[in-house]
Structures are given as C-alpha cells and as structure tokens.
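Listed in Swiss-Prot for this protein:
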type: BINDING; residues: 13-19, 41-43, ARG306, 332-334, 414-416; note: GTP binding site
type: BINDING; residues: ASP14, GLU15, GLY16, LYS17, ASN39, ALA40, GLY41, HIS42, THR130, ARG144, GLN225, THR240, ARG304; note: IMP binding site
type: BINDING; residues: ASP14, GLY41; note: Mg(2+) binding site
type: ACT_SITE; residues: ASP14; note: active site, proton acceptor
type: ACT_SITE; residues: HIS42; note: active site, proton donor
type: BINDING; residues: ALA300, THR301, THR302, GLY303, ARG304, ALA305, ARG306; note: substrate binding site
Amino acid sequence: MGKNVVVLGTQWGDEGKGKVVDLLTESAATVVRFQGGHNAGHTLVIDGEKTVLHLIPSGVLRADKTCVIGNGVVLSPEALMDEIRELEAKGVPVRERLRLSPACPLILPYHVRLDQAREKARGIAKIGTTGRGIGPAYEDKVARRGLRLGDMLHRERFASKLGEVLDYHNFVLTQYHHEAPVDFQRVLDEAMEIAEELRPMVCDTVSLVHDTRKAGENILFEGAQGSLLDIDHGTYPYVTSSNTTAGGTATGSGVGPLYLDYVLGITKAYTTRVGSGPFPTELFDEFGRHLAEKGHEFGATTGRARRCGWFDAVALRHAVQINSVSGLCLTKLDVLDGLENIRVCIGYRSKDGETIDTPVDSEGYEVIEPLYQDLPGWSESTLGVKRIEDLPNNARAYISFLEEQTGVPIDIISTGPDRNETIVLRNPFLD
C-alpha cells in the first residue's frame, strides 16, 4: 500500500518547502496542493537553475508525476496561465501533468482591487497581505457568493453569477473605498478566453486522489505558507485566510484524515517572517542583518525583505501540536556557519516574571519576552554536506538540542538550495 505524506511549514512561511517537496516527489506518483493561492512562492534550484512556483505543485519539474490543485486552493486563472506558459517556455510539459479541481474558488480582478484597497485604508495597521486577492476570494467562498472554476466552463452560468457578485463588490469599491469600479465585460471576456485553455485539465480530483491511493501509489500533499499563519491557530489577525495546518489537507483535497500516514514539518534553523505581526525572537542588530544577507531573505512572491530572528522552540512546539508532526526537516543550516554563539528561545516570560505558553492572539505577544539558551556555534562550512557524520560537532549538537526542545526527530537536513544538498536520515515514503 502506498503512503500519503503531508509536507507543510511550521513557522511563518518561507521555510523551504519547495525544495523538500521536489526532493521527496521522486518517491511519489502524485503531488497535491490543498490550500492557499498564488501568494505562495516555492523556490526550486535544480542543477543551478532557479524556478519559482506560486500555484503549480513543486513536483511539476519531475517527469511522470501528476500534479493536482485541490479544491482548497483559491485560483487566479490569469496567474495560473502565466505560470503554465513560463514553465512551458522552459520545456516543461505542464498541461499533460496538471489536474485542477472544478471546486477551486476563483480569484478575479475585483478580489485583487478589494485586497489592495483595504490594505491602503488600514495604513500603518495593515496586515501585510501580498495584495493578490487571496483573502477576499476566501471571504466570497465562505459567504457562498464566490465563483468556482467549474462555473468558468459554462458561459451563461458564469456571466449570471458574475453580474450579481460584481454589483455587490463594485458598490463596496466605489462607495466605501472611493475606488473605480471593475468592468463586467472585461472580466467576462478574459475569463472565457482562459477557460478554454484550462478546460482539458479540469477533472474530479477527489476521485483521482482516491484512485491513486487504491492503486498503492504514494501521494505527497504540499502545503503553502506556514502553520503560524493559519487562520485559526496562527498569530491572529496577522494570518492568512486558509488553514495552513495538517487539518487543511483533508478539507482542501478530499482525502480522509485517517489516510494521512506522515506529517513532515519544515523549519529553518532560525526564524523569519514577512509582513506585520508578532515575532518574539526578531533581531534588529548585526546578527539579524547577517541572517538576512547570508540567507538571501527576500520573499519569492513579493520580493519583500524578511524579518529575521533566532530559532523559536516555543512556537515550533505549538506547530508540532497542531499538526501532529511526525518528523522535521531543518533547512538553511549553512546560514548559521561562522557564528560564534547561537541562541534558541526555549520559553516565554510575562512582564511579571511568569512563564507562559503560546499566546492565542497577537495582543498576547505584546506582554512577553523570550527566554534564551545559548549554544556554541561552528566555524566550519556545512554547505553541501550530504552525511550527518560530516557536519561539525557543534552543528550536530545544535540539531540534537532542537530535537530535545521540540520532541520530534529531525529526519531531513537541508545544507544548500540545490535538491542534492541534503542529508536524508529518514525518507517518509521509504522508511
């Protein structure tokens, strides 16, 4: 019988999921995206060539792999076609490998306009969204007024629904935000043109996933963003609009939770965050600048500089709990090379000296300070190391300490951006 493995981020996103998914896809028949939208940015480096994916599962670069965009993904038809064409220009036969759920909620131009208008109105209190319409599209889904990919395949149905929802959103845009309205005919014409290109890729993805499982094939479920951005369990309201945790796998793909065999949590050897929101271990000194520069910490989707800080074991323990993480993959270990001392946050303390657990909302983070334990660094390079025995002693001690703090084994260690620069202690599909 095949295995179903979930790969997701356990921090605030940007943990290096794309590389790990690409690596593990060698052992999978199918790769499934189950939430998020084109606000994600998964960077792959294969033989020195860099590819950034936003919607299409990272397994697309491997031959004979089926890639599925499940019903939990909010889909921008325009962004998807741009990504397909970009990959095809590199010689990747995307259309024969990609399958799309007809239940995907659509991101249309008015969602983007609303997203950007809201962020503008918030001023300094902005959430820090990518401005790509993700939140408004999920809102329409929950409000039961959203258009779905299946609607695009039927012109009259799509036009009727579009007219109704556009009246509503144009009222908000013009009367509340004082912005120009979105043109109905332009949205309709653009959608219908793309619909014919997407039609051959649309299918019953729930049955496809279950048929793959019944055939004894391995399936990899690829998460986007990170667990601490989860709409329910993250640092609310500085979160994304979907469930980025393991529970979202079932609702976003149609696979039952009892069929999930292993959850691999991806975490950097330090911590980063893009945009606004709590970040207890954030650094504003030369160490923070070192991590940002050596780690090339700029968002793959927005290009925004990432905030950097020490490893937060408290936050990771929380992520382990809410995901039932089976094992961890530690990425960007090489960024810590050359540091004399490395700090790990092992607890939170309130201003009155009380040790506390993870706050449930962003306000709770305003009254805590991190408790650190200092560990010795290493001067040797870990870049490209492929065996655990070849790592510096202090690097191995650091890895062991993180395992002790989180209570979860570190099964994979990434020592560089290329898929080959990896130490695999346990392959979720094979061991």
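Just so you know, the numbers here start at 1 and follow the chain as drawn.
Cβ coordinates are placed from backbone N, Cα and C, and glycine is handled just like the others.
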Checklist entry - Of ALA305, LEU333, the binding-site residues given in the record, which has the fewest other CB atoms within 10 A of its CB? => result ALA305
Item to check | Three-state secondary structure, ASP14 (IMP binding site) (per DSSP) | outcome: coil
Checklist outcome for this item: Cα-Cα, LYS19 (GTP binding site) versus GLY41 (IMP binding site), nearest Å, comes out at 11
Checklist outcome for this item: For the binding-site residues GLY13, GLY16, GLY41, GLY303, the largest set of other C-beta atoms within 10 Å encircles the C-beta of GLY13
Checklist entry - Counting other Cβ atoms within 10 Å of each Cβ, which of the binding-site residues THR43, GLN225 scores lowest? => result THR43
Checklist entry - Could you state the CA-to-CA distance between THR43 (GTP binding site) and GLY303 (substrate binding site) to the nearest Å? => result 12
Checklist outcome for this item: Rounded Cα distance in angstrom between the residue listed as 'active site, proton donor' and ARG304 (IMP binding site) is 15
Item to check | Distance [Cα-Cα, Å, rounded] between GLY13 (GTP binding site) and GLN225 (IMP binding site) | outcome: 4
Next on the checklist: Helix, strand or coil for LEU333 (GTP binding site)? Use DSSP.
Outcome noted: helix
Checklist outcome for this item: For ALA305 (substrate binding site), the closest of the binding-site residues by C-alpha position, picking from ASP14, GLY16, ASN39, GLN225, LEU333, is ASP14
Item to check | recorded positions: LYS19, HIS42, ARG304, ARG306 - member with fewest neighbouring CB atoms within 10 Å | outcome: ARG304
Checklist entry - Going by DSSP, is THR43 (GTP binding site) part of a helix, a strand, or coil? => result strand
Item to check | Top Cα neighbour of ASP14 (IMP binding site) in the set of binding-site residues GLY303, ARG306, THR415 | outcome: ARG306
